[in-house]
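What Swiss-Prot annotates here:
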ACT_SITE  247  active site
BINDING   13, 15, 99, 247  Zn(2+) 1 binding site
BINDING   15, 16, 17, 41, 136, 219, 251, 263  substrate binding site
BINDING   99, 136, 174  Zn(2+) 2 binding site
MOD_RES   99  N6-carboxylysine
């Protein structure tokens, strides 16, 4: 197959940041993607509908005039989140989901939830009104090994929550383990999972072998090869419970290349080329559209995009920038460590 035309894709987990960084990165997403769920872990975080409305306005202001893009806003769940504010945000069409960050799990998550019981009133309201909960599925207790955080979260937090509120719709974001894949597959309704581009490509060796490579460090951290293969199998299967959420997370290089570097990989520039490569490798190009364009909208109760994009296989490797320059500073672009031959040749 030398070309493929699919419905315009969506990104169901994206970090756009704010200010100069927002202005520097948004076009890399909006050029190709029609919609994206926008993460709320700013400083300060997006905790109220008023915060979300103001942030949405800043995103739209930064959008290039020729781009058609819809930011889907989320709220950062805290132990003090107002159920009424959440419901009003949902009813107004402003809020697509609420995001659960266990305190300390990732970038700017120190204000997240420490005691799930204190968040139950808003979770109960969300279950009642049908508003999805997006979860960063890791525990942060110091006695749990970082590579086991996801599996322990499923057993100690997610499964008890779903048993208590079976009607709550939960997206397990950036699944990184076979444990997560198996748990989603075994669930009966109201559970789905997003998978990132980079977790389909790298395992933990990318971070550690041959020296510390900070631009492959993310949270959840990449796992063993058997987990990567389980993610690939899920992504290319066509199973409607799995869809793309890039978790593309820009940080300026000085904050990555230091003694205590930030977690996050910036994949927005070359995600579709990387994914076409992965699906071609797996003999599943015909299921790429389901993963990037169909399964996510179906899960979130939205219609798939009518616009199309075309990817073409080039004879010579496609050259992407090694880094982009933003007003906040340089940001390194994800290097999949293999040549990319697929290129988006016709945008929507």
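Cβ coordinates come from backbone N, Cα and C, glycine included.
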Q.
Validating a neighbour-count step here. Other CB atoms within 10 A of the CB of the residue listed as 'active site': how many?
A. 27
Q: Pull out the binding-site residues from the set 136, 174, 219, 263 whose C-alpha sits within 10 Å of the C-alpha of residue 15 (Zn(2+) 1 binding site).
A: none
Q: By CA-CA distance, flag whichever of 41, 174, 263 among the binding-site residues is nearest to residue 13 (Zn(2+) 1 binding site).
A: 174
Q: Measure the Cβ-based neighbour count of residue 263 (substrate binding site), defined as the other Cβ atoms within 10 Å of its Cβ.
A: 16
Q.
Considering each pair of residues in 15, 16, 17, 41, 136, 219, 251, 263, all listed as binding substrate, report the largest CA to CA distance in Å, no decimals.
A. 19
Q. Hey, what's the Cβ neighbour count for residue 13 (Zn(2+) 1 binding site) at 10 Å?
A. 26
Q) In Å, rounded, how far does the Cα of residue 99 (Zn(2+) 1 binding site) sit from the Cα of residue 247 (active site)? A) 13
Q: Within 10 Å of the Cβ of residue 174 (Zn(2+) 2 binding site), how many other Cβ atoms can you find? Include all protein chains, please.
A: 26
**Q.** Residue, out of the binding-site residues 16, 219, whose Cβ gathers the largest set of other Cβ atoms within 10 Å
**A.** 16
(Q) I'd like the Cβ neighbour count for residue 99 (Zn(2+) 1 binding site), meaning other Cβ atoms within 10 Å of its Cβ, all protein chains included. (A) 25
(Q) According to DSSP, does residue 263 (substrate binding site) sit in a helix, a strand, or coil? (A) coil
Q: For residue 263 (substrate binding site) and the residue listed as 'active site', determine the Cα separation and express it in whole Å.
A: 11
Q: Within 10 Å of the Cβ of residue 136 (substrate binding site), how many other Cβ atoms can you find? Include all protein chains, please.
A: 25
